[in-house]
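Listed in Swiss-Prot:
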{"type": "TOPO_DOM", "residues": "1-7", "note": "topological domain 'Cytoplasmic'"}
{"type": "TRANSMEM", "residues": "8-28", "note": "transmembrane segment"}
{"type": "TOPO_DOM", "residues": "29-191", "note": "topological domain 'Extracellular'"}
{"type": "ACT_SITE", "residues": "SER36", "note": "active site"}
{"type": "ACT_SITE", "residues": "LYS77", "note": "active site"}
Amino acid sequence: MKKELLEWIISIAVAFVILFIVGKFIVTPYTIKGESMDPTLKDGERVAVNIIGYKTGGLEKGNVVVFHANKNDDYVKRVIGVPGDKVEYKNDTLYVNGKKQDEPYLNYNLKHKQGDYITGTFQVKDLPNANPKSNVIPKGKYLVLGDNREVSKDSRAFGLIDEDQIVGKVSFRFWPFSEFKYNFNPENTKN
């Protein structure tokens with residue numbers, strides 16, 4: 001009886017250690033704050049952020065990431081441009097390396113926009129702290145925008161983000177459970 005009880009205690013302790021390691025080093029929960037990613041991610045929803053997977057698999061255009069905006073705040077935004085990309089918006093239309101890109105995650109906000117445009121017109125060189133002579137995203141930098149462009153504070157306001165600011169890639173939404181979703185890339189977006 002004592003041996004069986006000891007085995008249970010050890011098993012439970014090992015399970016807690018494994019959960020701690022997974023939670024600390026692989027996936028961490030994050031609560032969405034604000035409306036900048038609405039309707040893709042809404043205020044108060046909870047997501048799991050993969051903090052090592054993006055380092056091994058890399059970030060791609062369309063990934064949703066959490067990053068340190070400053071010492072006190074983390075933001076969640078969508079990657080629009082990666083190092084080496086030439087990015088330009090013309091009247092709400094995205095062009096990457098000269099090719100028009102679909103952004104299905106903007107459909108809802110385009111239908112319900114308050115003004116003429118939700119994203120507007122800009123090039124990489126127009127962003128804060130950018131090289132005014134180049135439209136190419138430099139190595140180690142990313143262009144990120146919120147899906148709710150009319151309210152989002154994103155690269156248009158603070159410029160390109162450094163790779164070392166990135167906490168991780170959003171893997172799945174787990175709360176509310178009725179809204180569970182595991183892939184936020186454009187080809188899986190229905191708005």
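Each Cβ is built from the backbone N, Cα and C atoms, and glycine gets one as well.
The model shown is predicted, which means the values in this text are computed figures rather than measured ones.
The separation of SER36 (active site) from LYS77 (active site), Cα to Cα, is 8 Å. Every protein chain shown contributes to the tally, and the Cβ of LYS77 (active site) ends up with 24 other Cβ atoms within 10 Å.
Below 8 angstroms of C-beta separation, not one residue of the same chain at least six residues beyond the ends of the topological domain 'Cytoplasmic' (1-7) sits close to that stretch. SER36 (active site) counts 23 other C-beta atoms within 10 Å of its own C-beta, drawing on all protein chains shown.
For the topological domain 'Cytoplasmic' (1-7), residue counts in helix, strand and coil come to 6 helix, 0 strand, 1 coil, using DSSP.
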